[in-house]
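Asks: Sending over a structure as structure tokens; questions will come in a sec.
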Amino acid sequence: MRTPLLAGNWKMYKTTGEARELVEGLLHGLGDVSDRKVLVCPPFTALHTVRDLVQGTPIALGAQDVYIEPQGAFTGAISPVMLRDLGCTYVIVGHSERRAIFGEGDELIGKKVRAALAHDLTPILCVGETKPQRDAGEAETIVVAQVRAALAGMTPDQIARIVIAYEPVWAIGTGDTATPADAQAMHVTIRQTLGELAGSDVADAINILYGGSVKPDNIDDLMAQPDIDGALVGGASLKADSFLRIVHFLPIQG
């Protein structure tokens, strides 16, 4: 059985003081989460503050991006070595905002996945289609191509250490959400693709998260789907009460 992962992507929000307040609120209401994993991904500037707060708690620490080199003359970049030094165990790679705003392509994203793995970080590889691509009937083709491009040449053992997040671009921050059935169908397609790349045993063990306007009022229906193994949460992770409701989704799969 795959252990659900509920991940909060804070994007470019929260000063260090605001981050402290949010984490304290999360810890106050967290309770028993032994049957699921909880992750927060603050901006780089808040990682140190959040690390000190979540050490020894069930909340894991992740980053929102990483560069492909361990060190060097790469002004403004953050290396996987630095993230590990700060206590990160996860890193988001290939988020649609990185693809669209910063021009990141599949080749660079694949290198970031490898860099994360090489330094014992679990990459959360984000894939997803735009609204025009979905309307044109190309959603599955686009998503499968993104998965294959990012994981090209990797061994089954490497692929087994990756988390996938399906985030339909048209649903991110818009209030629109893929229906649970549509999300489930895409997750099945992704899992089938992983099976072709790494074998069914590996594919069956990989967490595939849904991301795209995940909210307290839709998390239960999403998590009831057999191939949705958690959520990558944006706006709803910025307030303790809403993220806690998502973390405490019901019912647990079993």
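Glycine too: its Cβ is placed from the backbone N, Cα and C atoms.
Keep in mind it's a predicted model, so treat the numbers as computed, not measured.
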Asks: According to Swiss-Prot, N9, W10, K11, S213, G234, G235 bind substrate; which one of G31, G56, G173 is listed for that same site?
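Replies: So the substrate site in Swiss-Prot includes N9, W10, K11, S213, G234, G235 plus, from the candidates G31, G56, G173, G173.
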Asks: Looking only at C-alpha atoms, tell me how far G234 (substrate binding site) is from H95 (active site, electrophile), rounded to the nearest Å.
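Replies: It is 11 Å, counting Cα to Cα.
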Asks: Across all protein chains in the structure, which of the recorded positions K11, H95 has the highest Cβ count within 10 Å?
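Replies: Of the recorded positions K11, H95, the most buried by Cβ count within 10 Å is H95.
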Asks: If you take the centroid of the Cβ atoms of N9, W10, K11, G173, S213, G234, G235, the listed substrate site, which other residues of that chain have their Cβ within 8 Å of it?
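Replies: Other same-chain residues near the substrate site: I172, V233, A236, S237, L238.
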Asks: Out of G173, G234, G235, which of these binding-site residues shows the lowest number of other CB atoms within 10 Å of its CB?
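Replies: Relative to the other binding-site residues in G173, G234, G235, G173 has the fewest Cβ atoms within 10 Å.
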Asks: Within 10 Å of the Cβ of E167 (active site, proton acceptor), how many other Cβ atoms can you find? Include all protein chains, please.
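Replies: So the number of other Cβ atoms within 10 Å of E167 (active site, proton acceptor) is 27.
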Asks: Radius 10 Å, atoms counted are CB only; among the binding-site residues N9, S213, which position scores highest?
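Replies: Per the Cβ count, the most surrounded site is N9.
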